[in-house]
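For 12-29, 41-63, 83-107, 119-140, 174-195, 207-227, the entry in TrEMBL reads transmembrane segment.
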Amino acid sequence: MIFFLHTVVPNLLYTLTFLYFYHSLRWTVQFANWTVFFLSFKGFVCISASLFFFQTYIGGFSLANRNSVKSPLENDEKNEFSWKQACLAVGSTPGLALIGTLPHYFIEHKKSLNTPGHFFSKFMASALFGVLCACNVFTVRNFELENGIKVMNSTGEVIGMSQVAGKKAVRETALSRGILFGVPMVISETSVYLINRRRLFPQKSMFLRTFLVYFFCWLILPVSLSWTPQLREIKRNELEPDLVSSTKETTLFFYRGV
């Protein structure tokens with residue numbers, strides 16, 4: 001009995017104490033890992049949500065200001081709602097937001113700041129942002145590529161639907177949208193990098209970056225919206241054969257949208 005109390009009981013207590021601290025430490029490590037994962041996932045979700053709402057706004061703006069003809073439709077025809085176009089626009093928005101989130105997510109987890117490699121990553125992410133805005137226009141206005149848009153003569157009379165004019169309208173609008181949002185991001189990131197190299201502001205100055213983005217957007221907005229007029233010209237020999245034979249005018253017109 002004395003041997004049991006002096007030998008077995010202390011060893012049993014030591015074993016139970018060790019197991020207690022071991023499992024406590026293991027659960028603490030797991031809790032820390034889950035906390036880090038949750039914080040990383042939370043940052044990922046915040047970036048994705050902001051880009052999702054932005055891409056939704058861009059898509060809605062492109063859809064509301066798409067190509068339109070300022071004249072009554074012929075034979076009392078009506079514009080039919082395209083479920084295919086709606087599903088394509090709704091489905092592409094989360095995809096574009098996710099693609100735009102990944103570069104920013106990986107960049108934010110880099111420990112090296114204000115280095116040429118970090119600047120190149122931010123530069124490419126900003127350029128990708130402009131490309132995704134252009135892709136948004138292509139996705140939302142895809143029906144203009146398939147069905148074409150209305151082409152008019154000099155008197156405003158609609159002579160037919162042209163896929164060539166539709167491709168030209170969507171391409172010019174997408175380029176304008178990409179320049180509007182991509183160029184300010186690239187210039188602002190370049191400016192922030194150069195300013196941080198001079199150590200004029202703190203490296204993580206969100207105010208400086210936000211101010212530069214809005215400032216350059218304000219400068220480029222008039223250029224992006226006015227570098228090509230809304231009423232565009234297209235040569236007759238560039239159109240489809242059936243439209244070429246339906247008019248003798250050498251220059252025709254179409255609305256490209258905003």
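Using N, Cα and C of the backbone, Cβ positions are placed for all residues, glycine too.
Among residues of the same chain six or more beyond the transmembrane segment (119-140), those with a C-beta under 8 A of the stretch's C-beta atoms are 55, 58-59, 62-63, 66, 85, 88-89, 92-93, 96, 99-100, 103-104, 106-107, 110, 170, 173-175, 177-183, 185-186, 188-190, 193. Long-range contacts of the transmembrane segment (83-107) within the same chain, counting only residues at least 6 positions beyond its ends with a Cβ under 8 Å from a Cβ of the stretch, are 43-44, 47-48, 51-52, 54-56, 59, 63, 118, 121-122, 124-125, 128-129, 132, 135-136, 139-140, 142-143.
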